[in-house]
């Protein structure tokens with residue numbers, strides 16, 4: 001593997017890691033659970049409403065999502 005490809009791979013991996021990283025204090029915690037389960041999503045817009053972007057193939061249960069919009073890799077789930 002050439003050094004240029006290796007450098008490109010490292011840069012892409014670093015960008016992805018920085019994009020999905022979230023400071024523990026930024027994520028809201030579940031109030032009824034002391035094990036500190038955190039929501040993992042990014043803000044997005046869907047049909048004129050704000051939602052949460054999820055990288056998974058479907059909106060997770062238990063958050064009260066009623067609709068969603070498809071994006072390139074995931075979904076924007078809206079309450």
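Yeah, the Cβs are placed from backbone N, Cα and C, and that goes for glycine too.
Straight from Swiss-Prot, the features:
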DISULFID  44-76  disulfide bond
DISULFID  46-69  disulfide bond
DISULFID  59-77  disulfide bond
SIGNAL    1-21  signal peptide
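Positions of the features from Swiss-Prot, shown on the structure.
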residue : record         : DSSP class
44      : disulfide bond : strand
59      : disulfide bond : coil
69      : disulfide bond : strand
76      : disulfide bond : strand
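Residues 55 of the same chain, all 6+ positions outside the signal peptide (1-21), place their C-beta atoms under 8 angstroms from a C-beta of that stretch. Within 10 Å of the C-beta of residue 69 (disulfide bond) we count 15 further C-beta atoms, all protein chains included.
Counted within 10 Å of its Cβ, the other Cβ atoms near residue 59 (disulfide bond) come to 21, all protein chains included. Taking the Cα atom of each, residue 46 (disulfide bond) and residue 59 (disulfide bond) are about 13 angstrom apart. Using a 10 Å Cβ-Cβ cutoff, residue 76 (disulfide bond) registers 24 neighbours. Residue pair residue 77 (disulfide bond) / residue 44 (disulfide bond) shows a Cα separation of 8 Å.
One residue stands out among the disulfide-bonded residues 44, 46, 77 for having the most other Cβ atoms within 10 Å of its Cβ: 77.
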